[in-house]
């Protein structure tokens with residue numbers, strides 16, 4: 001009897017192994033990646049150029065981790081440009097040194113040098129992405145960052161048959177560094193891209209690109225999760241798959257209440273996970289997966305073309321060795337909204353709601369310690385002496401928040417703060433509201449000039465913040481996708497016209513607002529967000545339209561250390577790059 005009982009019990013070794021597995025599942029593992037920044041040749045639109053890449057790829061390598069994992073990426077710079085990489089949407093709690101924006105949290109990695117980005121993905125799961133965060137190098141230096149749920153934790157929706165990253169980008173035949181440098185030197189707008197891309201490929205609607213087409217092969221009746229990422233530099237995009245619906249289940253790595261659409265909109269910096277269920281039968285046709293710009297800007301300042309991939313079905317009647325693409329099949333195209341269809345965009349964004357369940361609560365700050373009001377928009381700077389500028393009335397194009405056009409410092413802000421050597425680097429006096437209020441969405445003022453400076457807004461640790469961002473009509477109303485580093489925030493309200501501080505707060509959603517890291521400030525309108533400043537460090541906030549960021553539509557928050565050890569910024573790593 002004793003022998004029978006003992007043989008039925010697990011051995012001490014098996015118990016120890018099981019316990020270790022449980023600990024690993026709870027705490028995560030460490031995942032190591034090597035990123036070599038190098039030049040590589042690529043041919044698109046019958047044009048070959050040498051461009052900056054990671055590991056010779058564009059898009060770059062897909063990073064995969066699980067919630068709770070530590071991610072260690074060694075980045076070695078083998079190109080003539082300085083480089084820095086940002087892990088877009090990763091909270092970086094107390095690890096701001098790994099956030100990546102050049103001259104904000106680090107000096108860039110110089111030619112021949114390396115830097116190790118070391119961070120833990122805590123309390124996050126879903127689709128994020130990574131990209132270069134200096135000049136316009138993210139045009140070719142970007143990739144997916146997929147955070148899977150912890151082992152044993154299911155999705156809050158039926159598990160898909162397959163998951164597929166779909167990354168939207170832009171292609172310039174020219175060198176993008178020359179494009180931005182020319183714009184800065186002339187004071188005008190940059191030349192628009194020559195094509196949009198899906199996973200680096202322009203697709204059949206562009207000249208010389210039929211062979212450079214992304215194709216997604218599906219099985220009848222199966223459900224696929226598309227991890228959509230807008231890595232385009234300057235364009236918000238509509239996306240649809242002909243004759244198919246898309247069920248939105250996540251944005252910016254946060255689950256949402258599922259809803260089904262024919263078409264969606266996604267801004268630069270944003271991610272959206274959608275479920276696509278293939279037809280239950282072989283349809284005998286192929287279907288375009290198309291994206292085209294949503295723009296409220298003046299004509300000529302954006303690329304108005306369409307990128308397409310192809311959704312094709314496996315034919316059960318064909319052998320697996322048969323050609324994957326059957327020529328001669330009907331090819332259906334989706335109908336996308338008009339390029340300036342703001343009503344469509346508003347209706348789509350209004351559908352976004354957090355799950356707000358016990359498993360995935362919406363921790364919206366119910367009380368507010370600090371309220372801020374930022375104007376967001378374009379403007380001008382005087383043309384330097386002995387120059388002719390291409391901005392309005394011989395000015396330089398500029399952009400600002402609260403009329404401050406942000407100037408990048410020569411020394412990283414986070415390092416300056418941490419060492420206490422901030423004098424001459426930045427001023428902690430970013431205006432909490434416009435210094436000269438005006439009719440923000442009415443007749444533009446005659447004076448379109450902005451001020452310049454490197455100003456930070458200082459917050460005590462754990463401050464609950466409410467921020468209203470107001471678009472302005474200076475040089476024309478325009479949608480601005482604003483990205484906040486270091487935090488997620490809740491989008492509690494939005495509207496058109498001038499924000500009404502008396503009546504609009506009554507309409508705020510404090511129950512299940514969508515939680516994200518990048519939000520569009522509506523053209524000619526406003527958006528209100530709330531977040532808890534529980535992450536010490538210096539955190540960049542900027543428009544994710546790269547042209548606007550270059551013109552100065554950016555600022556930074558400085559969140560001070562809390563009183564407890566786990567509320568303080570960790571010291572910098574020993575290999576932190578020097579300026």
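The chain as shown is numbered from 1 upward.
Any Cβ shown, glycine's included, is placed from N, Cα and C.
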Listed co-binder of Cu cation 2 (same site as 88, 131, source Swiss-Prot) among 544, 548, 564: 544
Additional site residue, 480, 485 [criterion: listed by Swiss-Prot with 543, 548 for Cu cation 4]: 480
Site-mate of 485, 542 for Cu cation 3 in Swiss-Prot, selected among 32, 81, 133: 133
For residue 118 (N-linked glycosylation site), the three-state class that DSSP assigns: strand
Top Cα neighbour of residue 446 (N-linked glycosylation site) in the set of recorded positions 118, 131, 347, 462: 347
Candidates 88, 131, 483, 544 (binding-site residues) - the one closest to residue 41 (N-linked glycosylation site) by CA: 131
For residue 304 (N-linked glycosylation site), the number of other Cβ atoms found within 10 Å of its own Cβ: 12
Which of 243, 403, 446, the listed glycosylation sites, has fewest other Cβ atoms within 10 Å: 446
Sparsest Cβ surroundings (other CB atoms within 10 Å) among the binding-site residues 88, 483: 483
Whole-number Å value for how far residue 131 (Cu cation 2 binding site) lies from residue 439 (N-linked glycosylation site) (Cα to Cα): 37
Mean predicted confidence [pLDDT] for the domain 'Plastocyanin-like 3' (429-563): 97
